[in-house]
Amino acid sequence: MTETPVHPALWPAPVASGAVDATVTVPGSKSVTNRALVLASLAAEPGWLRRPLRSRDTLLMAEALRALGVGIEEGVGPDGSGEAWRVIPAGLHGPATIDVGNAGTVMRFLPPVAALADGPVRFDGDPRSYERPLNGVIDALRTLGARIDDDGRGALPLTVHGGGALDGGRVRIDASSSSQFVSALLLSAPRFNQGVEVRHTGASLPSMPHIRMTVDMLRSVGAQVDEPETGGEPNVWRVSPSALLGRDLTVEPDLSNAQPFLAAALITGGKVTIPDWPERTTQPGDQLRRIFTEMGGSCELTERGLVFTGSGSIHGIDVDLSEVGELTPGIAAVAALADSPSTLRGVAHLRLHETDRLAALTKEINELGGDVTETADGLHIRPRRLHGGIFHTYDDHRMATAGSIIGLAVEGVQIENVATTAKTLPDFPRMWTEMLTGAGN
Ligand SMILES: O=C(O)C1=C[C@@H](OP(=O)(O)O)[C@@H](O)[C@H](O)C1
Ligand SMILES: C=C(OP(=O)(O)O)C(=O)O
């Protein structure tokens, strides 16, 4: 008898045998953790970061800041509860070398920090990091007084020749390819001699909640920020120079990483509870309450957390995802299993994410028998009966979770390199299996 060969890099996505009923504790937000690390490193006094996410993107951020001289130590928070990082700011030093991996937050948020260091800081990363846009940050930093050596493509690898301080001032950028350009300049701006005025000149600006998160977190450490949403000029952000406070911050669960678990409730007609879902948050994942409700579920924010319940039906959706682009792969996966077609719009910039997400989703869902077409700014998804096969992930954590969502309802889906979920959710395979077996409840 011959056994079916098991490829070590292929993970058989488990099929749900019935309605899931689980409580899933989701680790901390990548976006909050990496902003908090930067702000705490630039502060005038030590601070605490509780329940930080420990994943590839956040460990790269911590390692990079340590390379610049910041102390980031393991500890328990001031009240003795929970795991925490103590961040001890220090003079920022070069020479240093920073590995950004494929973390947008590291490759964009740290060049402005490096401009404040007193020597050269070399940035390098995964091959894909060379293809992701960085021109908005490079050009802006040059305008603000920094010296940067790159190969002229507006991308990695590059060296920022930190001069110990940066003038700052006014800058115009086109951030239509990534909101992280704006966030990057704002986060370090309190430490620029003149602060910053960033004027976005492009036709569109994706991921506004992530810019709100930047503004909120800056304000929470004492920075003064003027911005469009509180009466400022449209598309203009101003940050004044000031010292930043060291705070004691508890990181919220990553609501975008809650997505596959909520999707499991939707697809199986089950129920999933996510503890500690914040009542108020700038995280884009909070919009899943609305989007997945429109797709057939219902939810309630209770003392136990967000309780999300599937109805047994999954509906297609016509939705603009420009504010919440990182939710697209998971929504596309659910849409492929729905009872009507879907149109996902406003996400052309996803072609420059971890991989070209529009091409990858189209190819992988179609190879399982689906009918997805790319549009100029998104996807059109017509549900079909799907079959098993290999779901390639292109080193993209959200492709791996999207394939797993489909695998709940389709026999024989194998996820290639599920370990790529380590970018933001290293424990995904265990959490997924526990959700299905009811362990961890
Ligand atoms: O600032 C952030 O933390 C992020 C901003 C968004 O980037 P883009 O605006 O490049 O899409 C988002 O997709 C990414 O996952 C995280
Ligand atoms: C786009 C994403 O990540 P990054 O921070 O690398 O841009 C994402 O997590 O979906």
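Just so you know, glycine gets a Cβ as well, placed from its N, Cα and C.
Worth saying up front: this structure is predicted, and the values here are computed from it rather than measured.
The domain 'Enolpyruvate transferase' annotation in TrEMBL covers 18-430. Residues or ranges marked as 3-phosphoshikimate binding site in TrEMBL: Lys30, Ser31, Arg35, Ser178, Ser179, Gln180, Ser207, Glu326, His353. Among the features that TrEMBL reports, phosphoenolpyruvate binding site is placed at Lys30, Gly104, Arg132, Gln180, Arg357, Arg398, Lys423. Look at TrEMBL and you will find Glu326 tagged as active site, proton acceptor.
Shown on the structure are the features that TrEMBL records.
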{"residue": "Lys30", "record": "3-phosphoshikimate binding site", "CB count, 10 Å": "27"}
{"residue": "Arg35", "record": "3-phosphoshikimate binding site", "CB count, 10 Å": "26"}
{"residue": "Gly104", "record": "phosphoenolpyruvate binding site", "CB count, 10 Å": "26"}
{"residue": "Arg132", "record": "phosphoenolpyruvate binding site", "CB count, 10 Å": "22"}
{"residue": "Ser179", "record": "3-phosphoshikimate binding site", "CB count, 10 Å": "27"}
{"residue": "Gln180", "record": "phosphoenolpyruvate binding site", "CB count, 10 Å": "26"}
{"residue": "Ser207", "record": "3-phosphoshikimate binding site", "CB count, 10 Å": "24"}
{"residue": "Glu326", "record": "active site, proton acceptor", "CB count, 10 Å": "26"}
{"residue": "His353", "record": "3-phosphoshikimate binding site", "CB count, 10 Å": "23"}
{"residue": "Arg357", "record": "phosphoenolpyruvate binding site", "CB count, 10 Å": "25"}
Among Arg132, Gln180, Arg357, Lys423, which are recorded as binding-site residues, the nearest neighbour of Arg35 (3-phosphoshikimate binding site) by Cα: Gln180
For Lys423 (phosphoenolpyruvate binding site), the one of Lys30, Glu326, His353 that lies nearest, given that the recorded positions are compared by Cα: Lys30
Nearest recorded site to Arg398 (phosphoenolpyruvate binding site) by CA-CA distance, among recorded positions Lys30, Ser179, Ser207, Glu326, His353: Glu326
Collapsed DSSP category at Lys423 (phosphoenolpyruvate binding site): helix
Which recorded positions sit within 10 Å of Gly104 (phosphoenolpyruvate binding site) - Cα, from Lys30, Glu326, His353: His353
Recorded positions clustered about Gln180 (phosphoenolpyruvate binding site) [Cα within 10 Å; pool: Ser207, Glu326, His353]: Ser207
Nearest recorded site to Lys30 (3-phosphoshikimate binding site) by CA-CA distance, among recorded positions Arg132, Glu326, Arg357: Glu326
Cα-to-Cα gap, His353 (3-phosphoshikimate binding site) vs Arg132 (phosphoenolpyruvate binding site), nearest whole Å: 7
All-chain count of other Cβ atoms within 10 Å of Arg398 (phosphoenolpyruvate binding site): 31
Cβ neighbour count within 10 Å of Lys423 (phosphoenolpyruvate binding site): 22
Entries of Arg35, Arg132, Arg357, Arg398, Lys423 (binding-site residues) sitting next to ligand 1, with Cβ under 6 Å as the cut-off: none
Secondary-structure category, per DSSP, in which Ser207 (3-phosphoshikimate binding site) falls: coil
